[in-house]
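Encoded as structure tokens, the structure appears first; notes follow it.
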Amino acid sequence: MAKEPVRVLVTGAAGQIGYALVPMIARGVMLGPDQPVILHMLDIPPAAEALNGVKMELVDAAFPLLKGVVATTDVVEGCTGVNIAVMVGGFPRKEGMERKDVMSKNVSIYKSQASALEKHAAANCKVLVVANPANTNALILKEFAPSIPEKNITCLTRLDHNRALGQISERLNVQVSDVKNVIIWGNHSSTQYPDVNHATVKTPAGEKPVRELVKDDEWLNAEFIKTVQQRGAAIIKARKLSSALSAASSACDHIRDWVLGTPEGTWVSMGVYSDGSYNVPAGLIYSFPVTCQNGEWKIVQGLSIDEFSRKKLDLTADELSEEKALAYSCLS
């Protein structure tokens with residue numbers, strides 16, 4: 001029997017990431033090749049014409065799984081009945097702007113979108129925040145959508161996770177699909193900690209630890225970490241535009257694994273509401289290693305954390321605590 005369509009909201013849908021993301025969703029990359037979807041595309045009024053152009057292209061592409069398109073600048077219409085919300089829209093930092101300015105703009109955007117999701121989304125709606133500062137935007141959204149369970153509000157660090165996998169695969173000249181269980185800890189910012197201490201690579205002789213194969217702790221503890229942390233800036237320098245294709249692809253990966261489950265023995269990185277695991281302060285949205293099953297994520301427990309890693313975990317937690325205080329000061 002054919003499945004009922006899932007309603008997927010993409011905010012900022014006329015922007016770069018949205019333009020890369022909506023065809024992936026319509027093609028089944030996010031929810032699987034047999035799951036029909038109805039796309040809800042939301043953007044701001046100045047983008048209405050561009051948004052309509054994206055809708056025209058979706059119609060022209062004749063995606064068999066796409067059962068309807070809602071293209072709107074009305075937040076209530078955009079949020080009504082959605083099962084999954086991918087929050088790509090946000091206010092970007094512009095030259096000369098202080099972090100507080102960006103934060104206060106995003107606080108007001110996420111406050112209004114959270115209220116609309118709270119009132120109009122489907123029960124048990126899953127939310128993924130992509131727009132930066134992603135962790136703190138997700139926290140604001142949680143604050144203003146109290147009836148959405150905290151376990152249903154996440155932020156994107158899968159892009160960083162995938163970047164880390166890519167760097168290891170290039171360094172070792174192996175298939176990226178043979179590398180697994182890197183971890184991104186903390187904030188989707190330059191304080192994040194890409195950790196390979198538990199990562200492995202599939203070799204003809206079985207799974208081997210990344211550290212053992214790379215045989216260069218100096219590279220792993222310095223250049224590798226910096227490359228992953230600064231990758232977004234490097235792409236802006238090269239393209240003169242921010243990451244769109246990779247961000248869209250990783251958003252699909254994040255939702256797909258969350259909804260359909262992670263492979264046995266594999267974990268992924270997701271920004272989720274901290275319960276105090278690994279001595280990370282509770283009440284932050286912080287990236288942890290997680291496994292997913294039956295539509296639920298669970299933090300991987302019991303991993304050993306060495307002294308080098310402990311400092312990195314605490315540093316990024318401190319930044320998130322500062323961001324949280326800054327965001328809450330914008331509410332008053």
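Note that Cβ sites are derived from N, Cα and C of the backbone, with glycine treated the same way.
Keep in mind it's a predicted model, so treat the numbers as computed, not measured.
Annotated in TrEMBL:
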- HIS188: active site, proton acceptor (ACT_SITE)
- GLY12, ALA13, ALA14, GLY15, GLN16, ILE17, GLY18, ASP43, ASN106, VAL130, ALA131, ASN132: NAD(+) binding site (BINDING)
- ARG93, ARG99, ASN132, ARG163: substrate binding site (BINDING)
- 6-153: domain 'Lactate/malate dehydrogenase N-terminal' (DOMAIN)
- 157-325: domain 'Lactate/malate dehydrogenase C-terminal' (DOMAIN)
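Other Cβ atoms within 10 Å of the Cβ of GLY18 (NAD(+) binding site), summed over all protein chains shown, number 25. When the alpha carbons of ARG93 (substrate binding site) and ALA14 (NAD(+) binding site) are compared, the span between them is 18 angstrom. Restricting the average to the domain 'Lactate/malate dehydrogenase N-terminal' (6-153) gives a pLDDT of 95. The recorded positions shown are ARG99, ASN132, ARG163, HIS188; of these, the one with its CA atom nearest the CA of GLY18 (NAD(+) binding site) is ASN132. Sequence-distant contacts (6 or more apart, same chain, Cβ under 8 Å) of GLY12 (NAD(+) binding site) comprise GLY18, LEU42, ASP43, MET87, VAL88, GLY89, GLY90, ALA131.
Around ARG99 (substrate binding site), the same-chain residues six or more apart in sequence whose CB sits under 8 Å from its CB are ARG93, LEU326, listed in sequence order.
Long-range neighbours of ASN132 (substrate binding site) (same chain, six or more residues apart, CB within less than 8 Å of its CB): GLY90, PRO92, ARG93, HIS188, SER189. Spacing of ARG163 (substrate binding site) relative to GLN16 (NAD(+) binding site) is 19 Å (Cα to Cα, whole number). For the binding-site residues listed here (GLN16, ASN106), the lowest count of other CB atoms within 10 A around the CB belongs to GLN16.
Cβ-based neighbour count (10 Å, all protein chains) for ALA131 (NAD(+) binding site) stands at 23.
Within 10 Å of the C-beta of HIS188 (active site, proton acceptor) we count 29 further C-beta atoms, all protein chains included. The Cβ neighbour count for ALA14 (NAD(+) binding site), using a 10 Å radius over every protein chain in view, is 25.
Of all the binding-site residues given, namely ARG93, ARG163, the one with the smallest number of surrounding CB atoms inside 10 A is ARG93.
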